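Undergrad: Handing you this structure, nothing more for now.
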Amino acid sequence: MKDRFELVSKYQPQGDQPKAIEKLVKGIQEGKKHQTLLGATGTGKTFTVSNLIKEVNKPTLVIAHNKTLAGQLYSEFKEFFPNNAVEYFVSYYDYYQPEAYVPQTDTFIEKDASINDEIDKLRHSATSALFERRDVIIIASVSCIYGLGSPEEYREMVVSLRTEMEIERNELLRKLVDIQYARNDIDFQRGTFRVRGDVVEIFPASRDEHCVRVEFFGDEIERIREVDALTGEILGDRDHVAIFPASHFVTRAEKMEKAIQNIEKELEEQLKVMHENGKLLEAQRLEQRTRYDLEMMREMGFCSGIENYSRHLTLRPPGSTPYTLLDYFPDDFMIVVDESHVTIPQVRGMFNGDQARKQVLVDHGFRLPSALDNRPLRFEEFEKHMHNIVYVSATPGPYEIEHTDEMVEQIIRPTGLLDPLIDVRPIEGQIDDLIGEIQARIERNERVLVTTLTKKMSEDLTDYLKEIGIKVNYLHSEIKTLERIEIIRDLRLGKYDVLVGINLLREGLDIPEVSLVAILDADKEGFLRSERSLIQTIGRAARNAEGRVIMYADKITKSMEIAINETKRRREQQERFNEEHGITPKTINKEIRDVIRATVAAEDKAEYKTKAAPKLSKMTKKERQKVVEQMEHEMKEAAKALDFERAAELRDLLLELKAEG
């Protein structure tokens, strides 16, 4: 079993990286539960975390707040650890519409999803790696706190094959069917097997190119080979191979029988309650749907939406904690939370959103109450898995600050780059002033980011700049992740000189060519101009030796003051370090990478379908109040998660609603 991490890099830790690595390693050795790496933009936080992983040598889970960011981290860690198991675990849905019911219009929305096969393979590769070795790093999105099958069942049902092992061919076939492999002699793909005389070929769920060929002599395995599934080329002989289940929700036959009995019992109880409350239509609907699922489970061993019965399949009591990816890790694993100021609130919010939707389904007879136990972890359940956790952020949130007694600061950049200088200029004449600044940057072949407060202002500014001949593009929330990465690439290549947007805090905007970040209406206190957002936005100009930030404002707000002072403090620290070590700041020379494959596989931005404002005139006063409250709550949550376009859209809708009401 391979169990050492090997870090491969031509760089050595520099600046204050060695100090940060030493402090974090010491903290873990001393058994500190919570630590925070407060790392300024561009200080090489991923490299620091890689060194930490190598030193403490524990299986590690890195949680990012969306698939794109997870994809970027996956490619970086893969470069640092080419000889270890770096895995990727995100939601495998390219498109996902959860089942839901709208009582007002009596509309049931069926679950509709398309599963990305590449990501499903990567998920299986991640869970199987955890059972085979200790040198595992899994980069995951928040989907790692969603329910999976039992790790004990998963481990127990692994089919282990060795050369000279005595097993009948038909018994092997039965075992493969039990772990949800399908026999398919024609279309040979992931999760299937085919039989040709005394040869059984198995295509593991965690692979996409290589299959396993098992050759029998009578009732004995004569030879096990790894074969290229497409060309048939033999890649090597194996003494032993472990075939992991093709689904994370595998259940033994005797357990399945018990689960079916429990589901039937729950169904009878729920039908009784519904009849007593006069819910006859709901009772009929529930019985019809559940009986159909039970029939499928008896005949096929699974049914559509089997995860809704996961509590029964794992024989857990009501309300108990579901199994998740975290349970597949050994007890001494380490968690790294990237961009923790966004990720932690996201983990916290998952449970409530899921329960609200499922409760409606249960109340109206679409699901049994046990479906509520197929859920993401509550935050306090997630906390129970925190043995060693490191939060990584340039602007740690309240949770991290409260739980960490001492921040590990990483302010010095290996390149000697300083935090940008900040100018505050009056709002009057801001556009003309901005155009002058843009022209100066274009002459020096540098790029500009401009952040505005509203969608309308972004659009108007973009149109105006285009009219006067400036190469500009507008980054808005409807742009898909991959398209967004391409626009950023085009900015770097010089197809555009200026990018305008509301939320310039999304991942992938660390662009060395950007020497100016302009913040319009910086004194309009609110979620778009909070101290945390401002510090993050200022960081966008910290990759260039000429980096500068201009805030257009008529007064200096509290948030502006905090952000300006923090930037000044960091800059002074960086200048001191450069003087002591004779370092001259150099703009980062970062290759313009093509979009990585894991990101392509994960291409999926959280899609928000902003509904048209509901007609308040048709609602009662109570309903009206409820809609407004819900939208205000959503707006605040979106702002907390730094998803400002969504928050701004909701804010505009709220104003519309209030005007109507």
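Quick reminder: no glycine exception, Cβ is built from N, Cα and C everywhere.
Look at Swiss-Prot and you will find Gly39, Ala40, Thr41, Gly42, Thr43, Gly44, Lys45, Thr46 tagged as ATP binding site. Annotated motif 'Beta-hairpin' per Swiss-Prot: 92-115, in sequence order. Summarising the annotation, Swiss-Prot assigns domain 'Helicase C-terminal' to 430-596. Feature annotation from Swiss-Prot assigns domain 'UVR' to 625-660; the stated evidence is sequence analysis.
For the listed features, I'd like the structural context: burial, neighbours, distances.
TA: Taking a C-beta cut-off of under 8 Å and a sequence gap of six or more, Lys45 (ATP binding site) has these contacts in its own chain: Leu37, Gly39, Val392, Gln410.
Summarised by DSSP class, the composition of the domain 'UVR' (625-660) is 33 helix, 0 strand, 3 coil.
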Undergrad: What is the total of other Cβ atoms whose distance to the Cβ of Thr41 (ATP binding site) is within 10 Å?
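TA: Looking across every protein chain shown, the total is 20.
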Undergrad: Would you list the other residues of this chain near ATP - those whose C-beta lies within 8 angstroms of the C-beta centroid of Gly39, Ala40, Thr41, Gly42, Thr43, Gly44, Lys45, Thr46 - in sequence order?
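TA: Along the chain, the qualifying residues are Thr48, Ala394, Gln410, Arg413.
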Undergrad: Restricting to the domain 'UVR' (625-660), what is the model's mean pLDDT?
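TA: Value for the domain 'UVR' (625-660), mean pLDDT as a whole number: 77.
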